[in-house]
Amino acid sequence: MGSVEHAVSETEQHGPAKGITRWLYTTNHKDIGTLYLLFSLLMFFVGGCMALTIRAELFQPGLQLIVPEFFNQMTTMHGLIMVFGAVMPAFVGLANWMIPMMVGAPDMALPRMNNWSFWILPFAFSMMLSTLFMAGGGPNFGWTFYAPLSTTYAPPSVTFFIFAVHMMGISSIMGAINVIATILNMRAPGMKLMDMPLFVWTWLITAFLLIAVMPVLAGVVTMMLMDIHFDTSFFNAAGGGDPVLFQHVFWFFGHPEVYIMILPAFGVVSEIIPTFARKRLFGYVSMVYATSSIAILSFIVWAHHMFTVGMPLAGELFFMFTTMLIAVPTGVKVFNWIATMFRGSMTFETPMLFALAFVVLFTIGGFSGLMLAIAPADFQYHDTYFVVAHFHYVLVPGSIFSIMAAAYYWLPKWTGHMYNETMGKLHFWLSFIGVNVTFFPMHFLGLAGMPRRIPDYALQFSDFNMVATFGAFLFGFSQLIFVYNLVCCIRSGEKATARVWEGSHGLEWTLPSPPPYHSFTEPPELDKNNTGQS
Amino acid sequence: MSQQQQPNRTLIIRLIAGAVLMFGFGFLLVPLYDVFCQVTGLNGKVLNTGPVQDVNADPQRRVRVQFIAVNNESMPWRFRPEQSQLTVYPGQMKQTAFIAMNPTSSTMIGQAVPSVAPSEAAEFLHKVNCFCFEQQPLDAGEQRAMPLVFVIDAALPEHIKTVTLSYTLFDITPDTGPVAAVTEEPERRNL
Amino acid sequence: MRCNRRALLYAGFFYAPLASADWQLNLIEGATEISRSVYSLHMVIFYICVAIAVVVFGVMFWSIFWHRKSRGAKAAHFHESTWIEILWTIIPVAILVSMAVPASTTLIQMYDKNNAELDIQITGYQWKWRYQYLDQDIDFFSNLTTPADQISNEAIKGDNYLLEVDRPMVIPAGKKVRFLITSNDVIHSWWVPALAVKKDAVPGFINEAWTLVDQPGIYRGQCAELCGKDHGFMPIVVEVKSAEDYQLWLQQQGALKLAQQQSAERDWSVEELMSRGEEVYKQSCLACHQAEGQGIPNVFPALAGSPLMNETVDEHIDVVLNGRSGTAMQAFAEQLSASDLAAVITYERGAWGNQGGAVSVQQIKEMLKE
């Protein structure tokens, strides 16, 4: 008896293995979460360097630094790396760290698969980045890779790009399965779905979106592969195919993908604002319904990316109306956040600052999205810098700011140390100014008629391009403050308490900081204060 | 732990099945899109070879039918419509032709792909006989008038007064020499 | 010296944007009824968004200012309110409906393509546009004319930098013009902001658009869909002329065609062919094969020192006339006149150390089998 008990407690209490094997073989949700987050940080800088290359070339009219072929490779890779390498893995990393702790589970439901889904990513991205050094260069057809530019007219490296996308897809699908299994099967006894924190809710919905659309992306790249190598004609008009079909299938994936990148951000912000407003989240139930309806609507709006492709009038009208409809649940979310702040007792630590900037700037991105939804006006905006401004407003101060907010919010929990608040605030303000100086002028550029994805431009666009480039470098370099702050926080810093924040709520704050290697070995007691509705 | 694993397993199987289904659905979108195009006439992908309905013929009405010939990419054939436009009444069967000439020194095969504008007119344009139904081989220097017989359906909506029928000619000659050249000399690949 | 000149030019570029400072903030109203209704639609939505923003952000900043802990604010306890949640679902729906009505009206207007007086077929090529006037035997390509040294910052940029072409599309004012848009290779998009027309050019398929410009003028635009390397270098210029000027232009086109035929009849000296050939090369070949015929390794083949340029004449002519299947090499038989073809081939066979020897206009005409 005694020896059995001893063995059990040893397996449960063991710490991490030593050295590199800890990271290679780990099945621990915290280790894998850390790997995901660090990987996405690395990719954020790789993609960021590409963005700065683009902005440097666009600093002035004329070709100064790079040739148009390379410029196209940079825009393509920047998009692919930021979407699939930076934003998505960062959210999976947050899910890995936080979901088991938030639902009162010891670990993720499928730890071994968890390890696999992370370790696919470095290989996928090495393969993708290696295409830049291949004959004919890397992918140069934009992150939307429209056929036939990406099939008949693509550089030979397109095959490697396709396999890289397949690998990322498999990784995402496995990650999503894991999240769903954890949330549905591993919740602490007594925790109903409607007790879950909103971050868990938004991730559950995101995971279902991932399972629904990542296979469609895999399908579309497989069709490309067959068109390129096996003489099929999915997208080749000569053999009875249709290049426009590519766009339909791609955006059937692509639009839900946009929400995959923003729904977890909604979740993060819905955790942070109540904490620092010291007031319960307003309208929890309507938040859940709003998130679900955004997810469902995302399947019937895809062709608003294709208003200029030549659809029948009825199609244009249908997609215009459904797209406008998305503004309703999105509006509900914004109103709920503001109602949460209203008559709260607010303080403005770094995570709160990022969350507030998220609310304001994401809403601005939402407004430009609403303008883009109006089909006749979209004929003027489509494929201009107005679109670039729009999606950078929802992705940079949207998704990326929410990831930053989440990092500052949970860093004390993860590391057991407080980060440097002054440095955090400096990082926030420089990022905030940088983002707006970069992307706000792009609205003007687009309205004045500057198309996307051009390496050189007419003289009337010079002024705002110069401003945008200054902003981009400010934003880019201020991220180094974050890295420095992060390193300092991991190595030393003031000891963090278990609750960390005065207004914190939820199960993750009942664990010590840093939490034990296995989060909840005993199912936690639930009370009013540590469920999502607290 | 084993209690935990059972629900996990069924859930995983369901989710993986879901993912596989969606992968299949991606491919299913191809025929679905074709059906959608057939119904709406989107992109002019209508293969109307149906019977001729002279019953509803309306000799009073006039519809202008324009013909356009487009060469794709490096297709070197000279390709043009015999008549650039015709005026017909709905229900009237008309014959015209597109003229193709192969100026190169080798036999080539072309495939014409039709497209109709406005797209809502596509389902009312019946092609009784069309050179686009088949691949068209032309010997070096050969010229040929390729026939097209069509009828405009009397059900064509009133507001449509002009129908444009375009053919894009693609070179589908099986690659023999040039392909070998491409693999030997990668710089021949285009961007 | 050269270095100094460059430095001076660079200094000039820094200043140039300020000199021509535009700081254009908004959409242009444009030159057509449609573009004006798009503009007013744009402004209406914009003002609605601004109004919503003022209310929403107003409440937010009110809370940030008054309900902060440092001012001693105590948190209230409310966390839901059914009626207010219903209210802020219904009000946005009502606003959206009020936006959808004018938007649909404008869209329906845009889709009315009937009764056009002129049909122009627009074909996108990598990286130029071709305009064919149906029923009028007018057919020409429109190429970028901005000199390469302006793009590479060796010369001061002109006013219409990257927005200038050799032969603009010419249309009459006050007449409805219908565009039939298609593509020769990849997907392009034909966009002129002042006309509020943007339509994709899809290979194998034909798209329709139309415009009716009331005032003569010159309107510029660009390709709006990524179409490869020189996507940023395929501008669109539309010249709208009064009815009389348009008639005059039509006559000129006839004369131009005649002159072209005559130039193919007369004898060309090798020097003439070489100098004309250089111009044609810059216009039609330089984008891919580069200024010194060096090409781009692994992408576009070099012409300097190529066996094709030095030996096999017939094959060289064949490639230029008929293109090379499966590559980006286009067929130029329809793009250039016989004399221009002879000129450019002669140039390619004589420039950059090539020793292929000249070809005659006669040879080209035989190959064209005219």
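Each residue, glycine too, has its Cβ placed from N, Cα and C.
Per TrEMBL, the features are:
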DOMAIN    A:23-527  domain 'Cytochrome oxidase subunit I profile'
TRANSMEM  A:35-56  transmembrane segment
TRANSMEM  A:76-97  transmembrane segment
TRANSMEM  A:118-138  transmembrane segment
TRANSMEM  A:158-186  transmembrane segment
TRANSMEM  A:198-225  transmembrane segment
TRANSMEM  A:245-269  transmembrane segment
TRANSMEM  A:281-305  transmembrane segment
TRANSMEM  A:317-339  transmembrane segment
TRANSMEM  A:351-375  transmembrane segment
TRANSMEM  A:387-411  transmembrane segment
TRANSMEM  A:426-446  transmembrane segment
TRANSMEM  A:466-487  transmembrane segment
REGION    A:515-534  region 'Disordered'
Taking the transmembrane segment (A:118-138) as reference, which of A:35-56, A:76-97, A:281-305, A:387-411, A:466-487 has the most Cβ pairs under 8 angstroms? A:76-97
Best-packed against the transmembrane segment (A:281-305), counting Cβ pairs under 8 Å over A:35-56, A:198-225, A:245-269, A:387-411, A:466-487, is stretch A:245-269
Surrounding residues of the transmembrane segment (A:35-56) on its own chain - C-beta under 8 Å, 6+ positions past either end: 23, 26, 64-66, 71, 74-75, 77-78, 81-82, 85-90, 92-94, 96-97, 118, 121-122, 125, 129, 400, 403, 407, 438, 468-469, 472-473, 476, 479, 483
Quick one: find which recorded stretch in A:76-97, A:198-225, A:317-339, A:387-411, A:426-446 has the most Cβ pairs under 8 Å with the transmembrane segment (A:351-375). A:387-411
Other same-chain positions with a Cβ less than 8 Å from the transmembrane segment (A:198-225) and lying at least 6 residues past its termini are 91, 94-95, 98-99, 102-103, 145, 147, 150-151, 158-159, 162, 165-166, 169-170, 172-173, 175-177, 179-180, 183-184, 232, 234-235, 246, 249-250, 252-253, 256-257, 259-260, 263-264, 266-268, 270-271, 281, 284, 287-288, 291-292, 295, 298-299, 532
When counting Cβ pairs under 8 Å to the transmembrane segment (A:426-446), the leader among A:76-97, A:158-186, A:387-411, A:466-487: A:466-487
Spatial neighbours of the transmembrane segment (A:387-411) far in sequence, C-beta under 8 Å, 6+ residues away: 37, 40, 44, 82, 86-87, 90-91, 94, 97-98, 258, 261-262, 264-266, 268-269, 271-272, 275, 349-352, 354-355, 357-358, 361-362, 364-366, 368-369, 372, 381, 417, 419, 424, 427-428, 431-432, 435, 438-440, 442-443, 445-446, 452, 475, 482, 486, 489, 501, 508
May I ask for the residues of the chain that lie six or more residues beyond the transmembrane segment (A:466-487) and have a Cβ under 8 Å from a Cβ within it? 41, 44-45, 48, 51-52, 55-56, 58-60, 396, 404, 407, 411, 419-420, 423-424, 426-427, 430-431, 433-439, 441-442, 445
Rounded mean pLDDT for the residues that make up the domain 'Cytochrome oxidase subunit I profile' (A:23-527): 93
